[in-house]
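One structure is given here, and the rest of the page talks about it.
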């Protein structure tokens, strides 16, 4: 677009931008001698493109029409944009473009054309108030903008448009220099030409280079000096609009950097066209500005760095950068290291973004604390606690202060008793080097107390008594059993067993008189295994069938038995013995439910409902049992409802609740402590830990079954893997002669037959008299003395502890007390097993036996582990942990983690420390 400039203005502008003395002299000589070359009168291109059709449009458009459109052009010009050629003008001939193209290195052409230039300038000055057609004079579109954008903002008033532009200029990195010119000069000119020659070069001939892309927005010149006239205009404008500018400026956005007192030039600036256009469009919308508030602006962030555009990033700071990151809680069996925990809030400083938290990337804990371990090819187990060093780091943080805060009072009481009896001796970590460590000569040396010295003959005796039974590859744990039961039914079989006379008429034999599901039921197919079980179930329902005679009075009795399959699976039989409805002397009947779920109380309630219906009619049992079998399998702590019809009462709903703690579902410790003293109970448990043979004798089926289940429950987290028959029928008494380990209960009437059998190395316990009928005589020396003393103290003071704890919590029961006491006992023995789990290169977990055993500082514990680690219970326990792909979440693992948190760093102590220091000094002297 052609804009008129007076001769004085052109000379002033050209004089202010002369690069050297030679140009100034040439300019002065031109003024003094007169201009002969008209091309030299052409004004220099100061960043403003001229329309080649200006002359034609000035003749066609009337003055009135141009005045009416002056407002729109002014609004576009005041934005501070470089107005380029219209895209329509590029379609004209090449001659017209060359005719109006100006040289970038000269201000004037040949002197022969001076008259034409003067007339041309006068013509422009006469039409200085004229305005072009707004549609034609719009800035052309480029890579970043288009004419459509300018058409959308064309209708805005000039004041509002300029204020919006100034608002953006105040919030950008470098303030744009808007100039308010007189109405006669309604357009701004850039004081720099990108086609001008570099400094220090001679003005050469005119060159017409290819057009380069120009920025839409105009920035300050490199010198940073504003002409005097324009500074006055800016000052006047700022005085009139100071309030508006102060309200629009944002205090949060950074101020432009200055380098050596000068604002960085255009050549050193990064491109902001896209950001500025986006920001400018957002400023036009009042709704967007209200929603975004003070932080409204471009969605892109501005860089302040001159060297690297990714160096400093302005980002709105937060009090906690991790507050928007949902972090899932870690599993209970492993805790994160301190280096994985997010740092304090004070560590985050704006404007730099903090790095991505490491705990979002890593899913395992691997802290290696020795060079030997680093050289090994095996890695630590990732599903359980790894090293003591990691636990020290973890306790050093905030968790250390609340280590004992959330533990129940009962657990704290038990821990205090064990710590007082045991002393300061705890396990120490042995770094695994990839080889089995051989027994060292000084392993048994140390500062052990005299009470812990073990006679050699005793250790030899225990080793000889240890049975060498074949391990069962099908190891069953309570957790695995419960997983397998999720898809099972509540029970497998229900039978009613009665006594029938033998053909000889002298004695009675048990027979099944009612069965559900029946053999003829549709859809029921009896397996071969079930047929074998049906043959022996009547014998377990009446283990003393030959001693029964018809009677008119009989006290109801409940008991249970266990059937062990060849694969190690167990079936629980829940029985209730009673007299059938009738008059006179009658033979008793037994209701028996066979299930894979160990929950005595739940099935006792079902058997009570069966008894109620069978008294009315045996036909009512089938509908009820079918509704129970179709009921869903209850989860721990859940209740299921069974609906059935009862004549005279109508429809009934029976709620069956399964206890939350599945370990103690079929356990009654009251009966166990009623029959056995604490001293005898500890000796029985010690014999079972070494997998010896144990026989219980009692005159009641319920006593035998309850005591047998309770003793087995004390072995948690280990599971008895061998023969387990709480009630053994008299006809099967020969089983006690088996050389394999077993736990068997027999009635007192079968005791004479038992004494006649050749039995060796067996512990026979009379539950009614609380005494040992036969023993090996070393049962009280099996367990470590200090741990055994702590366990005995807790069990002997159980009533006092329960009385104290029940004042604070009603959930404390005898079962929970006994369970926590034995769990703590085993945590002291094997609670550090996870520290000796390694993972091979193939991803297989491997247990390191020798480092595990030697990690105990107590010699008595190490001697016990020598024997206990050879049992099938321990082997199955480790095998189950090795094969599991996910961590175990039982009570034992929870208490083991809490125990590992209290382990101090392993340091040499006592005589060992002195001997090691002397050894190092001797080696040092030998080197000299």
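The backbone N, Cα and C atoms fix where each Cβ goes, glycine too.
Marked as region 'Disordered' by Swiss-Prot: 67-105 (among others).
Feature annotation from Swiss-Prot assigns compositional bias 'Basic and acidic residues' to 85-105.
Sequence annotations record features per position, and here Swiss-Prot assigns region 'Disordered' to 245-266 (among others).
Annotated phosphoserine per Swiss-Prot: 271, in sequence order.
The region 'Disordered' annotation in Swiss-Prot covers 428-456 (among others).
Among the features that Swiss-Prot reports, domain 'uDENN' is placed at 492-641, with the record citing sequence analysis.
According to Swiss-Prot, the feature domain 'cDENN' maps to 663-796, an assignment based on sequence analysis. Averaged across the domain 'cDENN' (663-796), pLDDT in this predicted model comes to 92.
Look at Swiss-Prot and you will find 798-888 tagged as domain 'dDENN', backed by sequence analysis.
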DSSP on the domain 'cDENN' (663-796): how many residues come out helix, how many strand, how many coil?
66 helix, 24 strand, 44 coil
Composition by DSSP (helix, strand, coil) of residues within the domain 'uDENN' (492-641)
46 helix, 47 strand, 57 coil
Using DSSP, how many residues in the domain 'dDENN' (798-888) fall into helix, strand and coil?
58 helix, 6 strand, 27 coil
